[in-house]
Amino acid sequence: MAETILRLKGIRKELELSRDVRQTILPNLSLEIFEGEFVAITGPSGSGKSTLLYIMGGLDKPTFGKVWLDGQEITGLDEAEMTVIRNRKIGFIYQFHFLLPEFSAVDNVMMPMLIRRKYGKKEIRERAMKLLDMVGLEDKYTNKPNQLSGGQQQRVAIARALANEPKVLLGDEPTGNLDSRSANNVYELFARLNCELNQTVIVVTHDEDFANRAGRRIHLVDGKIESDSRTPRQATA
């Protein structure tokens, strides 16, 4: 049986709008994600999807409740400790790629590994090139972001997110700025990573096609899990 990679218990998130007014985003949410799952989180705007994702990734803290990542409770960690966890165990992909414009594709992918300092610079460069090969950009090593299409930029961002072999890959609307063809290519890449590498993938999306093709779909309404369903993994093209 697959191990639990992410566990959330009694998560409540409130925003302080003023001295006397608080808004509840997530009222009381508990959830387990298992190693090797491909999960889509859906729901209307304002349902708490991105807030939930950021709490999973340690980018935001719950008002109450606890989060465990890979068996370690992360809710009590300070920012310096959480930065180390994010660098080593979590890969993030956003709607906008956030690539450094002055650096090439391979340099952007190298950045997380240079920060971690687990490998020498030569090996880091070789690993970055292999990651770009894996996402189909073997001929774009030296291209800067402005020399790449939107879909190619997002694939560089995915390669960068994979640089330190994360336990969990988190995506916040990663296909939101892409045309349908590029969005499908990104989905196929996520599905391949999930199938071939057993990579745990959790994606917030408004894309119904993307969500329906994931192995598990969690639908939020008003910060509560309205449905949580698993489907047979669909074959990729």
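Keep in mind that glycine also has a Cβ here, set from the backbone N, Cα and C atoms.
The annotation domain 'ABC transporter' is assigned in Swiss-Prot to 6-237. Swiss-Prot lists G43, P44, S45, G46, S47, G48, K49, S50 with the feature ATP binding site, giving sequence analysis as the kind of evidence.
Positions of the features from Swiss-Prot, shown on the structure.
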| residue | record | Cβ contacts under 8 Å, 6 or more apart |
| --- | --- | --- |
| G43 | ATP binding site | K49, H219, L220, V221, E226 |
| P44 | ATP binding site | V221 |
| S45 | ATP binding site | none |
| G46 | ATP binding site | none |
| S47 | ATP binding site | L220, V221, D222, G223 |
| G48 | ATP binding site | K13, I25, L26, L29, L220, D222, G223 |
| S50 | ATP binding site | D172, E173, V204 |
Within 8 Å of the centroid of the Cβ atoms of G43, P44, S45, G46, S47, G48, K49, S50, which other residues of that chain place their own Cβ, given that this set defines the recorded ATP site? L220
Looking only at the domain 'ABC transporter' (6-237), report the model's average pLDDT. 89
